[in-house]
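Asks: One structure, pasted below without further comment.
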Amino acid sequence: MFKSGFVTIVGRPNVGKSTLLNLLMGEKLSIVSNKPQTTRNNIQTILTGEDYQIVFVDTPGIHKPKHKLGEYMVNSAKDSIKDVDLVLFLINPDVEIGRGDKFILEQLKEQKAPVILVLNKVDESNHERVAQTLANYSKEMEFKEIIPISALKGKNTDKLLELMIESMPEGPKYYPDDMITDVQERFVVSEIVREKALRNLSQEVPHGIAVEVIQMKQDDKGKYNIEVNIICEKDSHKGIIIGKNGQTLKRIGETARYELEKFLHAKVNIKTWVKVRKEWRDNPLFLKELGYKKNK
Ligand SMILES: Nc1nc2c(ncn2[C@@H]2O[C@H](COP(=O)(O)OP(=O)(O)OP(=O)(O)O)[C@@H](O)[C@H]2O)c(=O)[nH]1
Ligand SMILES: [Mg+2]
(Lines of atoms letter the chains of each structure in order from A; the text may use other names.)
(Lines give C-alpha, C1' and ligand atoms only; values in the text may rest on other atoms or scores of the structure.)
(Ligands and ions follow the chains in the order given, each with its own letter.)
Protein backbone atom coordinates (compact mmCIF):
# COMPACT_ATOMS: atom_id res chain seq x y z
CA MET A 1 0.00 0.00 0.00
CA PHE A 2 1.38 3.41 -0.97
CA LYS A 3 0.87 6.19 1.56
CA SER A 4 1.01 9.89 0.95
CA GLY A 5 -0.07 13.15 2.45
CA PHE A 6 0.64 16.71 3.48
CA VAL A 7 2.33 17.65 6.73
CA THR A 8 2.68 21.22 7.92
CA ILE A 9 5.24 22.31 10.50
CA VAL A 10 4.01 25.18 12.69
CA GLY A 11 5.27 26.93 15.80
CA ARG A 12 6.50 30.20 17.24
CA PRO A 13 9.45 31.93 15.57
CA ASN A 14 12.86 30.38 16.23
CA VAL A 15 11.72 27.02 17.64
CA GLY A 16 13.58 25.12 14.89
CA LYS A 17 10.98 24.41 12.20
CA SER A 18 13.31 25.02 9.27
CA THR A 19 16.14 23.10 10.93
CA LEU A 20 13.80 20.11 11.28
CA LEU A 21 12.62 20.38 7.69
CA ASN A 22 16.20 20.44 6.38
CA LEU A 23 17.11 17.45 8.52
CA LEU A 24 14.12 15.42 7.32
CA MET A 25 14.93 16.29 3.72
CA GLY A 26 18.66 15.60 4.11
CA GLU A 27 19.26 18.82 2.23
CA LYS A 28 19.19 22.48 3.10
CA LEU A 29 16.14 23.95 1.43
CA SER A 30 14.95 26.40 4.04
CA ILE A 31 17.14 29.04 5.60
CA VAL A 32 17.99 29.00 9.30
CA SER A 33 19.23 31.67 11.68
CA ASN A 34 19.27 32.37 15.38
CA LYS A 35 17.00 35.40 14.80
CA PRO A 36 13.25 34.98 15.06
CA GLN A 37 11.10 35.44 11.94
CA THR A 38 13.67 34.02 9.57
CA THR A 39 11.25 32.12 7.33
CA ARG A 40 8.81 34.38 5.46
CA ASN A 41 7.00 32.07 3.04
CA ASN A 42 5.49 28.61 3.18
CA ILE A 43 8.13 26.34 1.70
CA GLN A 44 6.94 23.06 0.30
CA THR A 45 9.29 20.09 0.02
CA ILE A 46 8.72 16.51 -1.03
CA LEU A 47 10.18 13.44 0.63
CA THR A 48 9.67 10.26 -1.37
CA GLY A 49 10.41 6.81 0.02
CA GLU A 50 9.86 3.29 -1.26
CA ASP A 51 6.22 3.18 -0.19
CA TYR A 52 5.41 6.73 0.88
CA GLN A 53 5.52 10.35 -0.19
CA ILE A 54 5.25 13.17 2.32
CA VAL A 55 4.84 16.77 1.28
CA PHE A 56 6.17 19.00 4.05
CA VAL A 57 5.31 22.64 4.49
CA ASP A 58 7.76 24.78 6.48
CA THR A 59 5.97 27.91 7.65
CA PRO A 60 6.88 31.32 9.09
CA GLY A 61 6.80 31.45 12.88
CA ILE A 62 3.41 32.53 14.19
CA HIS A 63 3.74 35.84 16.04
CA LYS A 64 1.90 39.12 16.59
CA PRO A 65 2.40 40.98 13.30
CA LYS A 66 3.65 44.56 13.39
CA HIS A 67 3.44 45.31 9.67
CA LYS A 68 1.98 43.99 6.43
CA LEU A 69 4.89 41.62 5.85
CA GLY A 70 4.25 40.10 9.28
CA GLU A 71 0.57 39.74 8.48
CA TYR A 72 1.43 37.94 5.25
CA MET A 73 3.78 35.62 7.16
CA VAL A 74 1.32 34.74 9.89
CA ASN A 75 -1.52 34.26 7.38
CA SER A 76 0.67 31.91 5.34
CA ALA A 77 1.34 29.81 8.42
CA LYS A 78 -2.30 29.81 9.47
CA ASP A 79 -3.46 28.87 5.96
CA SER A 80 -1.07 25.92 5.95
CA ILE A 81 -3.04 24.07 8.61
CA LYS A 82 -6.12 23.93 6.43
CA ASP A 83 -6.50 20.77 4.37
CA VAL A 84 -3.45 18.90 5.59
CA ASP A 85 -3.27 15.32 6.79
CA LEU A 86 -1.10 16.04 9.79
CA VAL A 87 0.24 19.00 11.73
CA LEU A 88 3.57 19.05 13.55
CA PHE A 89 3.36 21.59 16.36
CA LEU A 90 6.92 22.48 17.33
CA ILE A 91 7.65 23.84 20.78
CA ASN A 92 10.73 24.37 22.94
CA PRO A 93 11.28 23.21 26.53
CA ASP A 94 9.94 26.41 28.06
CA VAL A 95 7.79 24.73 30.74
CA GLU A 96 5.25 27.60 30.85
CA ILE A 97 2.97 28.05 27.85
CA GLY A 98 3.45 31.58 26.57
CA ARG A 99 0.98 33.81 24.76
CA GLY A 100 2.31 32.84 21.35
CA ASP A 101 1.84 29.13 21.90
CA LYS A 102 -1.59 29.71 23.44
CA PHE A 103 -2.62 31.48 20.25
CA ILE A 104 -1.33 28.61 18.12
CA LEU A 105 -3.14 26.08 20.29
CA GLU A 106 -6.40 27.94 19.64
CA GLN A 107 -5.84 27.64 15.89
CA LEU A 108 -5.02 23.95 16.18
CA LYS A 109 -8.12 23.18 18.20
CA GLU A 110 -10.25 24.68 15.44
CA GLN A 111 -9.03 22.39 12.68
CA LYS A 112 -9.52 18.72 11.99
CA ALA A 113 -6.13 17.21 11.19
CA PRO A 114 -4.35 15.24 13.91
CA VAL A 115 -1.51 17.08 15.63
CA ILE A 116 1.83 15.68 16.78
CA LEU A 117 3.40 17.71 19.58
CA VAL A 118 7.13 17.92 18.90
CA LEU A 119 9.33 19.31 21.63
CA ASN A 120 12.54 20.43 19.93
CA LYS A 121 15.95 21.41 21.38
CA VAL A 122 16.07 18.69 24.04
CA ASP A 123 19.86 18.89 23.73
CA GLU A 124 19.64 22.26 25.49
CA SER A 125 17.48 21.01 28.32
CA ASN A 126 17.17 18.35 31.00
CA HIS A 127 14.80 15.49 31.50
CA GLU A 128 12.74 17.22 34.16
CA ARG A 129 12.10 20.35 32.12
CA VAL A 130 11.17 18.29 29.08
CA ALA A 131 8.74 16.15 31.08
CA GLN A 132 7.18 19.19 32.76
CA THR A 133 6.75 21.06 29.46
CA LEU A 134 5.14 18.05 27.79
CA ALA A 135 2.81 17.56 30.75
CA ASN A 136 1.69 21.21 30.61
CA TYR A 137 1.03 21.21 26.88
CA SER A 138 -0.76 17.89 26.85
CA LYS A 139 -3.38 19.32 29.21
CA GLU A 140 -4.32 21.84 26.50
CA MET A 141 -5.58 19.53 23.78
CA GLU A 142 -5.54 15.97 22.52
CA PHE A 143 -2.34 15.23 20.59
CA LYS A 144 -1.98 12.22 18.35
CA GLU A 145 1.56 11.70 19.56
CA ILE A 146 4.04 13.52 21.75
CA ILE A 147 7.72 13.33 21.00
CA PRO A 148 10.85 15.11 22.25
CA ILE A 149 13.57 15.61 19.62
CA SER A 150 16.68 17.54 18.74
CA ALA A 151 16.57 18.71 15.13
CA LEU A 152 20.10 20.03 15.48
CA LYS A 153 21.60 16.73 16.71
CA GLY A 154 19.20 14.46 14.81
CA LYS A 155 17.98 12.93 18.05
CA ASN A 156 14.73 10.95 17.85
CA THR A 157 13.99 12.36 14.41
CA ASP A 158 13.95 8.90 12.75
CA LYS A 159 11.24 7.97 15.21
CA LEU A 160 9.34 11.15 14.33
CA LEU A 161 9.52 10.31 10.63
CA GLU A 162 8.20 6.81 11.37
CA LEU A 163 5.27 8.28 13.27
CA MET A 164 4.51 10.61 10.39
CA ILE A 165 4.58 7.84 7.80
CA GLU A 166 2.25 5.76 10.00
CA SER A 167 -0.18 8.68 10.12
CA MET A 168 -0.36 9.12 6.34
CA PRO A 169 -3.46 7.88 4.54
CA GLU A 170 -3.33 5.60 1.52
CA GLY A 171 -2.75 7.84 -1.47
CA PRO A 172 -1.04 8.47 -4.80
CA LYS A 173 2.42 9.70 -5.60
CA TYR A 174 1.65 13.37 -6.11
CA TYR A 175 5.05 14.35 -7.45
CA PRO A 176 7.78 12.63 -9.48
CA ASP A 177 10.54 10.86 -7.49
CA ASP A 178 13.22 13.40 -8.26
CA MET A 179 11.22 16.46 -7.31
CA ILE A 180 12.20 17.72 -3.86
CA THR A 181 10.66 21.18 -3.74
CA ASP A 182 8.24 23.41 -5.57
CA VAL A 183 10.15 26.61 -4.91
CA GLN A 184 12.01 28.28 -7.76
CA GLU A 185 15.79 28.25 -7.99
CA ARG A 186 15.81 32.06 -8.00
CA PHE A 187 13.88 32.11 -4.74
CA VAL A 188 16.43 29.82 -3.07
CA VAL A 189 19.22 32.08 -4.35
CA SER A 190 17.62 35.16 -2.78
CA GLU A 191 17.02 33.24 0.46
CA ILE A 192 20.65 32.10 0.69
CA VAL A 193 21.82 35.71 0.40
CA ARG A 194 19.22 36.80 2.98
CA GLU A 195 20.41 34.10 5.36
CA LYS A 196 24.00 35.33 5.09
CA ALA A 197 22.83 38.89 5.70
CA LEU A 198 20.90 37.73 8.78
CA ARG A 199 23.93 35.89 10.06
CA ASN A 200 26.35 38.74 9.53
CA LEU A 201 24.18 41.46 11.03
CA SER A 202 22.83 42.06 14.48
CA GLN A 203 20.07 43.95 16.21
CA GLU A 204 17.21 45.53 14.34
CA VAL A 205 18.71 45.58 10.84
CA PRO A 206 18.06 41.96 9.76
CA HIS A 207 14.29 42.06 10.08
CA GLY A 208 14.04 44.91 7.62
CA ILE A 209 15.99 43.16 4.90
CA ALA A 210 14.78 41.71 1.64
CA VAL A 211 16.82 40.32 -1.21
CA GLU A 212 15.94 40.70 -4.86
CA VAL A 213 17.75 38.76 -7.57
CA ILE A 214 18.12 41.18 -10.45
CA GLN A 215 20.26 38.98 -12.65
CA MET A 216 21.07 35.30 -12.81
CA LYS A 217 22.77 34.11 -15.98
CA GLN A 218 25.02 31.21 -16.82
CA ASP A 219 27.94 31.80 -19.20
CA ASP A 220 29.15 29.21 -21.76
CA LYS A 221 31.47 27.66 -19.15
CA GLY A 222 28.55 27.08 -16.81
CA LYS A 223 29.50 29.82 -14.39
CA TYR A 224 26.64 31.81 -12.89
CA ASN A 225 26.73 35.59 -12.82
CA ILE A 226 24.36 36.70 -10.12
CA GLU A 227 23.44 40.22 -9.10
CA VAL A 228 21.29 40.96 -6.09
CA ASN A 229 19.81 43.98 -4.37
CA ILE A 230 19.84 43.86 -0.61
CA ILE A 231 16.97 46.08 0.41
CA CYS A 232 16.83 47.76 3.79
CA GLU A 233 14.65 50.34 5.47
CA LYS A 234 16.96 53.15 6.53
CA ASP A 235 20.06 54.98 5.36
CA SER A 236 21.71 54.12 8.67
CA HIS A 237 21.01 50.43 7.99
CA LYS A 238 22.62 50.73 4.60
CA GLY A 239 25.80 51.91 6.28
CA ILE A 240 25.71 48.98 8.71
CA ILE A 241 25.17 46.44 5.92
CA ILE A 242 28.07 47.82 3.93
CA GLY A 243 30.26 48.06 7.03
CA LYS A 244 33.63 49.68 7.55
CA ASN A 245 35.50 49.70 4.23
CA GLY A 246 32.75 47.51 2.80
CA GLN A 247 33.85 44.61 5.01
CA THR A 248 30.39 43.42 6.07
CA LEU A 249 28.92 43.42 2.58
CA LYS A 250 32.00 41.64 1.34
CA ARG A 251 31.58 38.93 3.96
CA ILE A 252 27.89 38.52 3.11
CA GLY A 253 28.79 38.12 -0.57
CA GLU A 254 31.60 35.66 0.10
CA THR A 255 29.65 33.40 2.45
CA ALA A 256 26.68 33.49 0.07
CA ARG A 257 28.88 32.62 -2.92
CA TYR A 258 30.26 29.58 -1.10
CA GLU A 259 26.79 28.23 -0.41
CA LEU A 260 25.39 29.22 -3.81
CA GLU A 261 28.13 27.17 -5.50
CA LYS A 262 27.11 24.14 -3.46
CA PHE A 263 23.44 24.69 -4.25
CA LEU A 264 23.87 25.35 -7.98
CA HIS A 265 26.73 22.86 -8.47
CA ALA A 266 28.61 25.49 -10.45
CA LYS A 267 31.01 28.38 -10.05
CA VAL A 268 29.35 31.60 -9.02
CA ASN A 269 30.22 35.24 -9.41
CA ILE A 270 28.07 37.47 -7.23
CA LYS A 271 27.56 41.23 -7.14
CA THR A 272 25.67 42.79 -4.27
CA TRP A 273 24.03 46.22 -4.12
CA VAL A 274 22.40 47.82 -1.12
CA LYS A 275 19.21 49.83 -1.62
CA VAL A 276 17.05 51.77 0.80
CA ARG A 277 13.26 51.48 0.53
CA LYS A 278 11.63 53.28 3.41
CA GLU A 279 8.99 51.20 5.17
CA TRP A 280 8.87 48.58 2.42
CA ARG A 281 7.40 46.07 4.89
CA ASP A 282 4.18 48.08 4.83
CA ASN A 283 4.15 48.77 1.10
CA PRO A 284 1.66 46.37 -0.55
CA LEU A 285 2.97 46.90 -4.07
CA PHE A 286 6.54 46.30 -3.14
CA LEU A 287 5.64 43.26 -1.03
CA LYS A 288 3.93 41.85 -4.09
CA GLU A 289 6.95 42.57 -6.24
CA LEU A 290 9.10 40.64 -3.80
CA GLY A 291 6.73 37.68 -3.91
CA TYR A 292 5.22 38.25 -0.47
CA LYS A 293 1.67 37.99 -1.62
CA LYS A 294 -1.27 35.78 -0.87
CA ASN A 295 -1.68 32.28 -2.28
CA LYS A 296 1.77 32.15 -3.74
N1 LIG B 1 20.29 23.61 20.53
C2 LIG B 1 19.46 23.46 19.51
N3 LIG B 1 19.27 24.49 18.65
C4 LIG B 1 18.42 24.31 17.62
C5 LIG B 1 17.73 23.08 17.40
N6 LIG B 1 16.96 23.23 16.31
C7 LIG B 1 17.17 24.48 15.84
N8 LIG B 1 18.06 25.14 16.62
C9 LIG B 1 18.53 26.52 16.46
O10 LIG B 1 17.46 27.42 16.66
C11 LIG B 1 17.59 28.58 15.82
C12 LIG B 1 16.33 28.77 14.99
O13 LIG B 1 16.22 27.72 14.07
P14 LIG B 1 15.27 27.82 12.79
O15 LIG B 1 15.22 26.46 12.17
O16 LIG B 1 15.64 28.97 11.93
O17 LIG B 1 13.87 28.14 13.51
P18 LIG B 1 12.45 28.42 12.85
O19 LIG B 1 11.43 27.84 13.76
O20 LIG B 1 12.43 27.98 11.44
O21 LIG B 1 12.38 30.01 12.95
P22 LIG B 1 11.48 31.06 12.07
O23 LIG B 1 11.71 30.75 10.64
O24 LIG B 1 12.05 32.37 12.45
O25 LIG B 1 10.08 30.88 12.52
C26 LIG B 1 18.84 28.34 14.98
O27 LIG B 1 19.92 29.01 15.58
C28 LIG B 1 19.02 26.83 15.04
O29 LIG B 1 20.37 26.40 14.88
C30 LIG B 1 17.96 22.01 18.34
O31 LIG B 1 17.43 20.89 18.25
N32 LIG B 1 18.83 22.27 19.36
MG1 LIG C 1 12.11 28.99 9.71
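Heads up, the Cβ atoms here are built off N, Cα and C, so glycines get one too.
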Asks: In TrEMBL, which of the ranges 120-123, 204-207, 220-223, 280-283 has the region 'G4' annotation?
Replies: 120-123
Asks: Please identify the range among 58-61, 126-129 that TrEMBL labels region 'G3'.
Replies: 58-61
Asks: At a threshold of under 8 Å on Cβ distances, which of 37-41, 58-61, 120-123 pairs most often with the region 'G1' (11-18)?
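Replies: Top-ranked stretch among 37-41, 58-61, 120-123: 58-61.
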Asks: In the region 'G4' (120-123), how many residues does DSSP call helix, how many strand, and how many coil?
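Replies: So the region 'G4' (120-123) is made up of 2 helix, 0 strand, 2 coil.
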Asks: Where the criterion is a Cβ under 6 Å from an atom of ligand 2, which of the binding-site residues G11, N14, T59, I62, V122 meet it?
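Replies: None, as no Cβ falls under 6 Å.
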Asks: Helix, strand or coil for G11 (GTP binding site)? Use DSSP.
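Replies: Where G11 (GTP binding site) sits, the three-state DSSP reduction gives strand.
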